[in-house]
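Not my notes, these are from Swiss-Prot:
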BINDING   A:H161, A:C196, A:C200, A:M207  Cu cation A1 binding site
BINDING   A:C196, A:E198, A:C200, A:H204  Cu cation A2 binding site
BINDING   A:E198  Mg(2+) binding site
TOPO_DOM  A:1-14  topological domain 'Mitochondrial intermembrane'
TOPO_DOM  A:46-59  topological domain 'Mitochondrial matrix'
TOPO_DOM  A:88-230  topological domain 'Mitochondrial intermembrane'
TRANSMEM  A:15-45  transmembrane segment
TRANSMEM  A:60-87  transmembrane segment
Amino acid sequence: MAHPSQLGFQDAASPVMEELLHFHDHALMIVFLISTLVLYIIVAMVSTKLTNKYILDSQEIEIIWTVLPAVILILIALPSLRILYLMDEINDPHLTIKAMGHQWYWSYEYTDYEDLGFDSYMIPTQDLAPGQFRLLEADHRMVVPVESPIRILISAEDVLHSWAVPALGIKMDAVPGRLNQTAFITSRPGVFYGQCSEICGANHSFMPIVVEAVPLEHFESWSSLMLEDA
Amino acid sequence: MIMAGEEEDRQKGFRMLGILDVKTPCAREAVLHGAGGAVVSGLIHFLTTSRVRRSFDVGFAGFMLTTLGSWWYCRTGRARLLVQQRVLQDGLKNKVAFEGTSRDPGTKTPRDPGQLGPPETMNTRDPQSP
C-alpha cells in the first residue's frame, strides 16, 4: 500500500506493473534531461552579452531541433506501445472472477466451479483493529492464488465505478451494462489495496478494493470455507 | 522485482531539490557519472581553448551524453539480469515440480516425453534376477 507522503509508484506485484515501472523510469530520465537542457539554455540566453539582429535562418539548427524531438518521441513511443499490447494479452487464465461495483461496495463472484459470491464493504474507522489501515480495509478480501493468471470481469450494477489496484497495475472502469475484461498475475503473495477510481456518489472514497494473493492450497481452503459459510 | 544484492542499492537514492527522494535504480549512478563527465569534458575543453562559455557548453553536453550512456548501459544490464533471474526461477520451479519424473531436467537418461514415471533403465529390473 502507499505510505504517507509517497510520491512514486507502489512496489510492483505483477509483471505488467514491473514493466510499467521500468517504462516510467525510462520516460522520466528523458524528461529530466530535456528539462535540464531547457534550463541551461534559459540561463545561457539570459546571461549572454551577444546579440545578433541579422540572422534570418539557419538550416543546421532547424534540422537538429526537428530531427532530435522526433527521435526522442520514437524512443518513448516504442516501449510504450510494447507495454500497451502486453497489457492486452490474456494467456489461458486459471480462474475467472467477476467484480461488480455497487453504491458503495464491491461484490466478487467466483463461478468457475461452484457458486461463490460475497460482498466487500469497507471496515468503518471505528471498527478497525490495531494495525489495520484507515479507509483501505474491507471485511471480505478478494483472495486469489499467487502466480496464477487470473481473468477479472468488471461491471457495475448502478453507476460508473472503477476497479483499481495500483500495485498490480490495474485500473478498469466498471460500467453498468458492460463487461470489461482484464487479467493479471501476482508475482508474490501479499495484500494489495486499491480504491474506487470513478466518482460514484457520496461514499465514492469509502469502497476500497483488497486483493489477497495466497498459495494455491490456502486459496482452496479459503474457498471451501467461504462455500460452507454461504 | 528486487534482485540479489539490490536491497542495499535501494537505500542509496539521492535527494533532489532537498525534498524528493529519488530511489530509481541506476539513477544515482547515471547522475554521478554525468557530473563527472561534465567536469572532465568542460575542463579539458577549457584547458585547450581557454574559452569559458564554450567550455560550459561542452561540459553540459558531456553531462547529457554521459548521463544517457550510463543510464542506458545500467538499465540494459539490469534488464538482462532480470530476464536471467526469471529464467532461473522458472527452471528451479520446474525442477522441484518434476523431480524424479521423466520430465526432470536433471536426469540424463532419454525418456518418452509423455511418460511420468522413472525411465525403464533405472531401478526397474527384477531384484530376483542376477
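Glycine residues also receive a Cβ, built from the backbone N, Cα and C atoms like all the rest.
Would you situate these features in the structure and describe their surroundings?
Following the DSSP three-state reduction, the secondary structure of A:M207 (Cu cation A1 binding site) is coil. Under 8 Å, Cβ to Cβ, and six or more positions away along its own chain, A:M207 (Cu cation A1 binding site) finds A:G101, A:W104, A:Y105, A:W106, A:Y121, A:M122, A:H161, A:Q195, A:C196, A:C200.
Around the Cβ of A:E198 (Cu cation A2 binding site), the number of neighbouring Cβ atoms within 10 Å comes to 17.
Among residues of the same chain six or more beyond the topological domain 'Mitochondrial matrix' (A:46-59), none has a C-beta under 8 A of the stretch's C-beta atoms.
Taking DSSP states H, G and I as helix and E and B as strand, the topological domain 'Mitochondrial intermembrane' (A:88-230) has 23 helix, 61 strand, 59 coil.
Taking Cβ pairs closer than 8 Å, the transmembrane segment (A:15-45) reaches residues 9, 72, 75-76, 79-80, 83, 86-87, 166-169, 184-185, 187 in its own chain, all 6 or more past its ends.
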Using the CB centroid of A:H161, A:C196, A:C200, A:M207 as the Cu cation A1 site centre, which other residues of the same chain sit with their CB within 8 A?
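Apart from the listed residues, the neighbours are A:G101, A:Q103, A:W104, A:W106, A:S162, A:A174, A:S197, A:E198, A:G201, A:N203, A:H204.
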Treating G and I as helix alongside H, and B as strand alongside E, what does DSSP give for the topological domain 'Mitochondrial matrix' (A:46-59) in helix, strand and coil?
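Per-class counts: 3 helix, 0 strand, 11 coil.
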What does DSSP give as the helix, strand and coil breakdown of the topological domain 'Mitochondrial intermembrane' (A:1-14)?
0 helix, 0 strand, 14 coil
Counting every protein chain present, what is the number of Cβ atoms, excluding its own, within 10 Å of the Cβ of A:H204 (Cu cation A2 binding site)?
17
